[in-house]
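What follows is a single structure, written as structure tokens, with notes after it.
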Amino acid sequence: MSLTAALWVAVFGKCGPPPDLPYALPASEMNQTDFESHTTLRYNCRPGYSRASSSQSLYCKPLGKWQINIACVKKSCRNPGDLQNGKVEVKTDFLFGSQIEFSCSEGYILIGSSTSYCEIQGKGVSWSDPLPECVIAKCGMPPDISNGKHNGREEEFFTYRSSVTYKCDPDFTLLGNASITCTVVNKTVGVWSPSPPTCERIICPWPKVLHGTINSGFKHTYKYKDSVRFVCQKGFVLRGSGVIHCEADGSWSPVPVCELNSCTDIPDIPNAALITSPRPRKEDVYPVGTVLRYICRPGYEPATRQPMTVICQKDLSWSMLRGCKEICCPVPDPKSVRVIQHEKAHPDNDCTYFFGDEVSYTCQNDIMLTATCKSDGTWHPRTPSCHQSCDFPPAIAHGRYTKSSSYYVRTQVTYECEEGYRLVGEATISCWYSQWTPAAPQCKALCRKPEIGNGVLSTNKDQYVETENVTIQCDSGFVMLGSQSITCSENGTWYPKVSRCEQEVPKDCEHVFAGKKLMQCLPNSNDVKMALEVYKLTLEIKQLQLQIDKAKHVDREL
């Protein structure tokens, strides 16, 4: 192969096997695995598809990729039509491969297939199954019952929603639903629903309720559907209905319960003590609404922000209280402090150092120092520390200070603000016992004096500090456009926007100003002239109308 030919193949290449297309097939059998560039392969649409264009080929482009010039679209099945007493659900469309589903209206049974697919039949496509039929459901003769009968004995057949009613013989009680109806199960078969009733002789025993007494309904013998009313004894509350009924199974229902109408068992709150006076006893009972107060033991604090109380609730339970959590003292820095001895006052807690703990420690000078953990989580006389220097001074917004690599006791730093900001607070702070004092100042934005024409400011200064508020008052004869009160914001601007004071226009002059604005908006002199003529005519008509009104008024007086 020549060098030119090799380069040609390397640059343009060949095409591999053509892709498998779901909608088209090669027009002839192919045994090749690669194809020269510019090769054209003829294709035909697969069964179920029809041509959508004249070109039906694959073309091998010079770069070794196939270009698809085939357009085949799915064939469409005919509309299946409407299903009497049912419906046809089209899942997507009527195209090849699509599916439709058939279902019957309530009370009808489907005879035939419930689905049909658009499939290949011969050279075209058609539905796999014909339109089914929906026929009304029918039930057999209603079942007979012992000691009773139904009213449908004269009927020959029963269709969907037909019903019959049962009646018991004398001295028997009907249990269940007196009427049953012809229904459809699984859209395939007609059945009677619900189950037919039964006719029984029912007697219930003498009713008893713990901590309750019968209030009404006394009888020697209780039969089915007889009722009794109960009331609870003093100190108990009724849970459920106070009226019970003799049921079909010979029992009473619903069973009432008389519960103690108070809270009991004072809750034990972790790490807290009860302070309610007089002090309650464990065996006491507490009406709904009773409040018990607790206080955290030394070295503990409330676990939440809720009050340290529990309340006897309407459901006769005590409200929840998380109790108290430990207050731990901070752990001394092990890099600078050497703890010699640690005496734990209360071993059973999760704190490294807890209320009452005492530590003995030394610094580089080997002087023995002691500190005790207090109940509020602080050390006395101070947190064990050997540091004499301070951390970096606090950074402030829009301000700066001269930085240093270290800050020892009595070191001072001075803050200054950026241009456009004013320093509020002490400019100089000092390092004192590992803390900066006093608090760092703030740099607040400065706003320029608002320019107000025809008005005055409540506070007249050249500059205003951030958050400062100013009130604007317009001169007599002028009205304010905007907010009367404005505030200097953190970006050095006034918020809301500075208002304006404009001359108040009497109502009689409004049409004059409107005419003036109209003249300013007209594009050329001819339009202005025309507008003036119209305006003049309008004024003359108004003047004439005034004269007519005046004449009418004179005539009335005469």
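Just so you know, glycine gets a Cβ as well, placed from its N, Cα and C.
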What residue among C15, C118, C134, C139 is stated in Swiss-Prot to be the disulfide partner of C77?
C118
Among C15, C45, C104, find the residue that Swiss-Prot gives as the disulfide bond partner of C60.
C15
Swiss-Prot annotation, disulfide partner of C263 among C204, C232, C296, C312
C312
Looking at the disulfide bonds in Swiss-Prot, identify which of C443, C447, C521 pairs up with C488.
C447
Return the single candidate from C390, C443 listed in Swiss-Prot as disulfide-linked to C417.
C443
I need the CA-to-CA distance for C72 (disulfide bond) versus C118 (disulfide bond), whole Å please.
17
Using a 10 Å cut-off, grab the number of neighbouring Cβ atoms around the Cβ of C443 (disulfide bond), all chains included.
21
What does DSSP assign C417 (disulfide bond), in three states?
strand
Taking the Cβ of C168 (disulfide bond) as reference, which residues of that chain separated by at least 6 in sequence fall under 8 Å from it?
N147, G148, L174, C199
Specify the nearest of the recorded positions N31, C232, C488, N491 to C77 (disulfide bond), where nearness means the distance between Cα atoms.
N31
